[in-house]
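Asker: Found this in TrEMBL, in case it helps:
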type	residues	note
BINDING	D550, H551, D552	FAD binding site
COMPBIAS	137-170	compositional bias 'Low complexity'
COMPBIAS	216-235	compositional bias 'Low complexity'
COMPBIAS	403-434	compositional bias 'Low complexity'
DOMAIN	1-117	domain 'Photolyase/cryptochrome alpha/beta'
DOMAIN	668-871	domain 'FAD-binding PCMH-type'
REGION	137-181	region 'Disordered'
REGION	206-235	region 'Disordered'
REGION	403-437	region 'Disordered'
SITE	W484	site 'Electron transfer via tryptophanyl radical'
SITE	W537	site 'Electron transfer via tryptophanyl radical'
SITE	W560	site 'Electron transfer via tryptophanyl radical'
Amino acid sequence: MQGQAALARCSCSSSPGVPTLGPYRLRLLLEAAATLRGDLRRLGSDLLWSQGTPEALVGRLVALAVGAGATRLALHHYSQPGRGSADLERTVAAAFAAAAARQGVPTSVQRYWGSTLHHPDDLPFAALLPQRAAASAGSCADGSSGGAANARSQQQELQHPQQQQQQQQQPAAGSASGGGVDLQQDRFACLPSVMSDFRRELLQARTPVRPPLSPPLAADGSSSSSGSSCGGSTVASAPVLPPLPAGLAAEAAAAGLAAPLPTQVAAVYAAAGPAAAAALARWEELSGQRCADLAPAGSGAHDPRSAVPFGMGEAAGLRRLRHFVGLDAGEEAAVDDHSVHGKRAADQPPPLAGYQDSRMLAFGVDTSAKLSAFLSMGCLSPRTVYAEVLRLAAADAAAEQPQAAAQQQQGEQQRQRHQQQQQGEQQAEQQAEQLGVWRDPQRGDTWRWLLMHLTIRDYFIFLALKEGEALERAEGLAGRPVTWQHDAARFKRWTLGQTGLPFVDACMRELAATGYTSNRGRQNVADFLTKALGLDWRWGAQWYESLLGDHDLAVNLGNWAYNSGVGSDPRDRTFRTVSQGQRYDPEAALVRAWVPELAALQPAELSHTPWEASPEALAAAGVVLGEAGSTSPGSSSGGGGGGGVQTGPGSHAGCGLPFKLANFQGLYECTDSVRVGRPASLSELRTLVSLYPRVKAVGTGHSYVRDLFCTGNGSDALDIVMTELQPVLDLSAAVPVDPQQWQGRGAPPDVPIRVDEEAETVMVATGVTQRTLLDYLAGYTHGLSPRGWTLPVPAGFIDQTMGGAVATGTHGSSMQWGSLSSQLAGLQLVLANGTLLELTPQSNPHLFRAAAVSVGRLGVLTQLTFRIVRQQQGVQRTLQNLTVDAFIQQIKATADGYAEAQAARDEEGVQRALRQLDEAQGFWAVPASYVLRVDFQRPDGEPAADVHANVTRRDGSAGSEQAAGVPAPEAPVAAAAVDRLGVLAAEAPGPAAEAAVFPQTDEPAIAPNLPMTSSAAFWSQFFMAALAPKLTPGTFNSSRESFLTLTEAETKLIGTLAPYRQHEVVIPLERAGTCLQQVAAELYGPNQAWEGMRTPWVIRFVRGEDPYLSPTAGGPVMWINLDDYVSLSSGTPNAPFERVVELLRAQCGGRLHWGKEGWTNHARCFDGASEYAATWCSFGCAAQELGAGNKFASEFAGWRFAATRDGQPAGFASCCTPAGFSQDCRT
C-alpha cells in the first residue's frame, strides 16, 4: 500500500490540503484487500502487504522472491487514466527491472486495461486504432466507420497472464513488456468532446463489449467460495492460478508481509508520517468528523442513514449487483445468505424495474444501483455488470413470449449460452443485437438506463485520456477565463453543510458522514460551490476526491468541470437548488435525515423551504431562521431536532459565475468579475439575497453610468437580474387574457401581469418592462375595458423595468396623478435575511412609502400593484418649442393665477391653474435660449377619432404632424450652445452631428395615447441644443418610437457624458414664475452665471404630497432636476453649478431634495426635511427597522447610511425616532 497516497496533491492555489486517499476510501480499500486475500488463500495463493512507496516495496518483493528460489519474475498491473498514473507505472517498472537486474533474473511487465465497459481498441474513432493501422484509417472525419472492426482484427483480447505465458517463449535475461494497450494521448484526439455525441456514435457503430474473464481456479480445479461466478453469463475460459511457492510464503511471513491487514483507518495515516497526519487533521476540520471514530474496516458497521451500507469486495459487489438487477429468490439466497438487502418476494420486482424514475432520487438504498464504489475499486468489472444485465434482458424477453414459445426459447437460450462460452465475442455480439442493446433507452426501458450510465462513465474516463492535464486547469476544457475565488471561510461552510440551503447542506453532511452522496446531489453542490459562491471548482473536486468512497479520478474531475461551467457541457446550465431538492427528495427524507434541525417541521415539505413556514410552525419545530444553532453535521446521530438553523431560502438560481452583463443600450458591459444571479422564483431570489453580503437588483440597465449597474469586484457582491423573475401572483381577483378579445400586437404575452378590473389595479413582477406592461394593458379588453387600460402616469424610459422605475423614483410625473410611485397600491419586498414582506399604504404607511422610492436601499422589490385607468382617460401630447422668456411667461401666468386663486380661496381657480400644468414638463439645456414644453393633457370626453394622431395643435385640433406656432430657435444661440457645451466639437463621433434626432416614420404608436417618455424628451432636448441647425423647427413625429430611436452614434454620444453631480430642488408653485424670472436674469444677464455651464434642466410640476417629493410642506411644487454634465474623460466639475443651486434656494425658497456626486450617492438631510417618513434620511431608519443595514447600500447600490451628531460619528440607530430621522443628526 502506498503511504504517500494519504497526502494531498495540490494542483491549484491554496489547495484545501486534505488527503488524496481519504478515510472512507481507505476503509473500503482495506476491506477489499482483506476479502481478496481470503479469496487468494482459498486458491492456494496469498496477498502480501506493506506500507510505503511502490517503487521501494517492489524491490523488497524481488529480493524475497529470488531468495525463495524464483528464476523468472513478471510484474502485472492495470493501467489507469489520470494524474501521474503513467509516471508511476514507469517508475515502478524501472524499479522492478533494476531490482531484478541486481539479482540477475529476467523480468517481464504485463499491462492490462479493465476500467471501462468498452475497450479502447473497440471504440469507433479512427484515431484510436493501433499505431500499425493508423495509416489506413483516415482522418477523424471519415474514420468512424469500420474503426472498431479494424481494431479487433489486429489486436486480440487481452488474455490472463497464465494464458499469455503459455504462448510466449521463455525470454532471456533482461526485461520485456507486452499485453498492454496504447493509451497515448494523441490516440484519443478524435474522441467526441460532447457526451451525447460519444454515446450516439457508440450506438450507431454497434460498439461491442468484450465478455468478462472468469475468476481463476486453484491448481486442483476448485474455485474460491466467494460466489464470484457470473452464473449463466458468457465469460472467457477460467485460468488456473498456481499456488504460492512454500519458500516465498515463509520468507514473506518472516518479513511481516503476511501479517493481518490493518482495520483502524487512523493508524494507517499515523504510520504514513507527519505530512499525512497534518492532511488528516485538515480533513477532520473541514468534515466535522473524527477519523478515530470511524468504524473499523470489515466491521460491517455503518451510519443507519447511509445509502451505501455495504462491505467491499468482489463477493459483496456481486451480491449488490444481483439484488439490484433481480435474480430468482433461490439463486439470490444462495449467493447472499446474509445480505443487507433482505429477501425479495418472488412477485416483487427488483429495484432495476423502477430505475428509470428512481435513479436520480437523492435518498434511499435501492433508488440507484450503488455500484460505483465496487467499480472504482476494481471489485466489479463494468463488463460483469453488462453480462448480468444482458442475462436479465434475455430472461425478460423470454418471459414476454407465450408459455409454449417461452419453453422453446429457454432451450434455445441454453444452446446459445453454450455456444457463447465456446465462441466468445462473436456470440456475445449476436446476443446484444438480438436484445437491441444498441438502442438509446426509452420510456419503459429498465436495463438500458443502467447500461447508459456505464457508457457515461466510459465517456469521462476516455475524456481524461484525451485531455490529460488540461482537465485540471482553472479555465477547464472550455478555456473560460474565470477568476475563481479562494475564500477559505466560505469553503468550510460548504464542506460542513452550513450554507443555509437545506438540500445542499443535507448532501454535504451525508458526504462527510458516509463518503457518499447521490448523483443529483453531487451536481447541485458542485453547481452551488462554483456558480453561487464562485469558489474554485478544483477545490471542490479535491474535497470530493478525499471524501468519496467511490472516487474515480477521471469521473470526478470530468463531472466537476462539467457542472462548474468549464467542462465539456456545450450548454452552461445552472441548477435551481430548491426545486431540485423538492423534485429529487420529494418527501424531504434526505433533508430531515441529515439536517435534523428541520426534521420537526410540518408538513415535511417545508424542510426544503423553512423560510415559508409560519412563525407558529417554526416555533413548534424549534427552528430559528438565520441563526447558527446547535447544528451537528458531523454527528452520526444527526444532532438534536431543535435549535437554530443557519438557513437561507430558495435556490441560488443560476448565479455566481462571473458573467458578462451589458445594459440595454450596449453603452457599457460589466467585467467578468461581476457576479450575476438570475432568479426565476421568489425562493431563488430570497436565497441570493440571504447569501451575499452586498446585493444590487438590476433590470435592463437603463442607467447611463456603469457604476450604477455593475456590482464591481468581490465574491461578496452580486448583481441580481430581475427580468426572469416569475413571482406567484394572486390570481383570485385577476382575469386572464382572452385571446379572442385581445387587441394588442401579436398573441397575448405570457408574462407575470394580472389585471383586477374591479379594483382597477394591475399586479406585475418588478422585472417586467414598462413597454411590456403598457402593451399588455392596451391590449387587455375584457369586461369594463373595451378600450384597454393604461397607467395614469408612465415612468421615464419605456424599456426600464417597473421595479427600477419605482425604486429610483424615475422621471414621469403629473400634477393630477403625481409620480409613478404615487400610483402604487401595494408591493412585495425581500429583506436582507430573505424574509418576504407585503406592504400597502394601509398596513404600514411608513415602510410602504420608504420602500416605494428606496433606490433598492431597503430590500429587493419583487412585485408591484399599480392603479390603472381606462384608455379613454389617457393623455394627448402637446409640444411647444418656446424661447426661455415665453416659457417663463407661461409658467408665471399660471403660477400667479394659482397664487391669486388660493389667496381668494377660489377652489375652481386653483383647480383650473393646476389643470394647466397637469403633466407639464419643460426641458431646458442651459445655456440654450429656448425650452421644449411638453404637456400631457387629459380630455374630459372620448379620445380623438384618429387615435394614432396623439400630437395636437395648440388650438386643440387633432392629427397634425407639426406643432403650430413654434418659433424656430436662433441659430447663433444654438451654435454658441455647441461651443459652450463642448460636446460635439471635442467628443462626439462624427456621424452624430449628421444624424437627425427625430427620424420620420409612419409606424403608429403601440398605445395610441401614451405620453412621450420624459427621459426621452430630456435627451431629445439636450441634443436639440447641439443639433438645432440640423432640425426642422417644430417638427415632431407622432410615434412613441420617434422619441426612443437614436442612432448608434447618438447613443454612444450619451455614453461619453455622465452627470458628475445631480441635484433636485423643489419650489412652492406660487413662487415658480418669479423664481424662473430671477434665475433667467442671473443666467442671461451681465453676470452670466451660466458661463461654462453644461446643465440640462428638467422642470416638472407635481402635487406636494407625492411620496417621492415629500420633503415639501405640502401643496403643488415646481420640481427642478439639474444635472452637472462633464466629460468622463476629464471628470472636471462645473464650478458655476453650485452657484445656480444656491440661487434657486436663496431666491426661490427652494428645498434641496437630494444630491449626489460622481454617482456615488450619499443621502443628506436638508432643511428639516427629515420629518417626513419617505425622505432619504428616513430610509436609513427604515433600513434599521427592516434589518437591511448596508447590505443593499454599498457603492454600487447607491446609498450608504452613516450618521453624525455635532460633526461626530453617531450610531445610526440612535438617530432614528418614531417620527423619522432625528433633527440633531445628519447623514
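Every residue, even glycine, has its Cβ placed from backbone N, Cα and C.
Curation does not apply to TrEMBL; its annotations are automatic.
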Asker: Out of D550, D552, which has the highest number of nearby Cβ atoms, where nearby means within 10 Å of its Cβ, if these are the binding-site residues?
Answerer: D552
Asker: Which state, by DSSP, holds W484 (site 'Electron transfer via tryptophanyl radical'): helix, strand or coil?
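Answerer: W484 (site 'Electron transfer via tryptophanyl radical') sits in coil per DSSP, no helix or strand.
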Asker: Within the chain of W484 (site 'Electron transfer via tryptophanyl radical'), which residues six or more apart in sequence place their C-beta under 8 angstroms from its C-beta?
Answerer: A474, T530, G534, L535, D536, W537
Asker: Quick one: DSSP breakdown of the domain 'Photolyase/cryptochrome alpha/beta' (1-117) into helix, strand and coil?
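Answerer: Its residues fall into 57 helix, 14 strand, 46 coil.
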Asker: Far apart in sequence but close in space: which same-chain residues, 6 or more away, have a Cβ under 8 Å from W560 (site 'Electron transfer via tryptophanyl radical')?
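Answerer: Non-local contacts for W560 (site 'Electron transfer via tryptophanyl radical'): A526, W537, R538, G540, A541, Y544, G567.
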Asker: Of W537, H551, the recorded positions given in the record, which has the fewest other CB atoms within 10 A of its CB?
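Answerer: It is H551 that, of the recorded positions W537, H551, has the fewest other Cβ atoms within 10 Å.
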Asker: To what whole number does the mean pLDDT across the domain 'Photolyase/cryptochrome alpha/beta' (1-117) round?
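Answerer: Overall, the domain 'Photolyase/cryptochrome alpha/beta' (1-117) comes to a mean pLDDT of 84.
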Asker: DSSP on W560 (site 'Electron transfer via tryptophanyl radical'), three-state: which is it?
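Answerer: Note: W560 (site 'Electron transfer via tryptophanyl radical') is helical by DSSP.
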Asker: Which chain neighbours of the FAD site, leaving out D550, H551, D552, have a Cβ atom within 8 Å of the mean position of the site's Cβ atoms?
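Answerer: Residues close to the FAD site, other than D550, H551, D552: R25, S372, A373, S376, L548, G549, L553, V555, N556.
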